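Here the structure comes first, spelled out in structure tokens, and everything after it is commentary.
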Amino acid sequence: MLFATLEHILTHISFSTISIVITIHLITLLVRELGGLRDSSEKGMIVTFFSITGFLVSRWASSGHFPLSNLYESLIFLSWALYILHTIPKIQNSKNDLSTITTPSTILTQGFATSGLLTEMHQSTILVPALQSQWLMMHVSMMLLSYATLLCGSLLSAAILIIRFRNNFHFFSKKKKNVLNKTFFFSEIEYFYANAKRSALKSAPVPSFPNYYKYQLTERLDSWSYRIISLGFTLLTIGILCGAVWANEAWGSYWNWDPKETWAFITWTIFAIYLHSRTNPNWKGTNSALIASIGFLIIWICYFGINLLGIGLHSYGSFTLTPK
């Protein structure tokens, strides 16, 4: 009862904080002069992180197993992993390019986990026999960490495409105001682009060629994207190998071409192609960014889409949304 109450309190704290952070983000995107509010947003992210961490520890202590037994718990862990990525540039004392991606991703993931799923899924349950293994923590945590890193890397690649071809998108045009221009992600990218432009112009008052600041920004994003996707690909490989060993113990076969396994293999293949394309100078930049952007969609099909269908050997992760 104590743990359930604690989890309830921490969940409400994290959700309330996330709501405030979303509001602050929208205000700073609409009113650029209030950029100082982003410091408050960062503090809100810290509060959310500690609330999520407390929730995971509490759920682990009360259930006796690592909290990754259903989609709700995995989404909470995913938002926790996204915040870990959010702190990496701060540790390295480098420009926090990742915050443009990690902040809204953490907000949306945490917000959906705490408000969009059935209430029954929020409750801790006894593990089904297939999940009663020490491989649960190793396999699922590696997969979710890989999803978090690959999603961030893919979104950075998508940002590169948006910045390089922004004049071709009519919703970025000043003459044609479109609703998409006010969406969360595109507004974040445009805000980031404007800040990078001002920063580049300060450091290089006389650029050596036109659009120098754009080149500088896209090169930095491309470098971050490659490093993060490389890390995510490594984690994904470890996760798939752990899952194969676990499958052999549970089902007597290393690979069964289950829908989840098949889409995990497709995800692995897409990002293997991305990393291979980086070895060819002609495919660096726009072409490799396009491949990574396709990978973003593949990840969500693998992680989320298969759970919607509720089929295959991984059907215990299926769910239904709260009825309207």
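Cβ atoms here come from the backbone N, Cα and C positions, even for glycine.
TrEMBL has this to say about the protein:
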TRANSMEM  12-32  transmembrane segment
TRANSMEM  44-62  transmembrane segment
TRANSMEM  68-86  transmembrane segment
DOMAIN    68-314  domain 'Cytochrome c assembly protein'
TRANSMEM  138-165  transmembrane segment
TRANSMEM  224-247  transmembrane segment
TRANSMEM  262-277  transmembrane segment
TRANSMEM  289-313  transmembrane segment
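A contact between the transmembrane segment (138-165) and the transmembrane segment (44-62) is absent, since fewer than 3 of their C-beta pairs, 6 or more residues apart, lie under 8 Å. Listed by sequence, the residues of this chain that lie at least six past the ends of the transmembrane segment (262-277) yet keep a Cβ under 8 A from its Cβ atoms are 143, 150, 229-230, 232-233, 236-237, 240, 243, 283-284, 287-288, 291-292, 294-295, 298-299, 301-302, 305-306. Per-residue confidence over the domain 'Cytochrome c assembly protein' (68-314) averages 77 (mean pLDDT, predicted model).
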